[in-house]
């Protein structure tokens, strides 16, 4: 009886920890980049960006979202990528009338 009670307690404990880990959305990256664009994207086509820095992704990247909704991975070390992110940051900070 004691061993079955201990086994049940252990099973419930493991189940509760597992559900907490699976319920935590921040532990799993939403996307990773495996291929980076080699071409510069004109600033006029860019709408926003996000940084991929999760340790589970093999490459650090910037994911640009275009005005047409397409997501494109780019190397954050490239000068044009840094310039584009600065441009988008400034554009988002500028108040619209």
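Yeah, the Cβs are placed from backbone N, Cα and C, and that goes for glycine too.
Here is what Swiss-Prot says about this protein:
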DISULFID  32-57  disulfide bond
DISULFID  33-73  disulfide bond
CARBOHYD  94  O-linked glycosylation site
SIGNAL    1-23  signal peptide
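Nearest in space to residue 73 (disulfide bond), taking C-alpha to C-alpha distance over the recorded positions 32, 57, 94, is 32.
Over all protein chains present, the Cβ of residue 73 (disulfide bond) has 18 other Cβ atoms lying within 10 Å.
Of all Cβ atoms in the protein chains displayed, 7 besides its own lie within 10 Å of the Cβ of the residue listed as 'O-linked glycosylation site'.
Ranking the disulfide-bonded residues 32, 33 by other CB atoms within 10 A of the CB puts 32 at the bottom. When other Cβ atoms within 10 Å of the Cβ of residue 57 (disulfide bond) are tallied across all protein chains shown, the result is 14. In the three-state DSSP assignment, the secondary structure recorded for residue 73 (disulfide bond) is strand.
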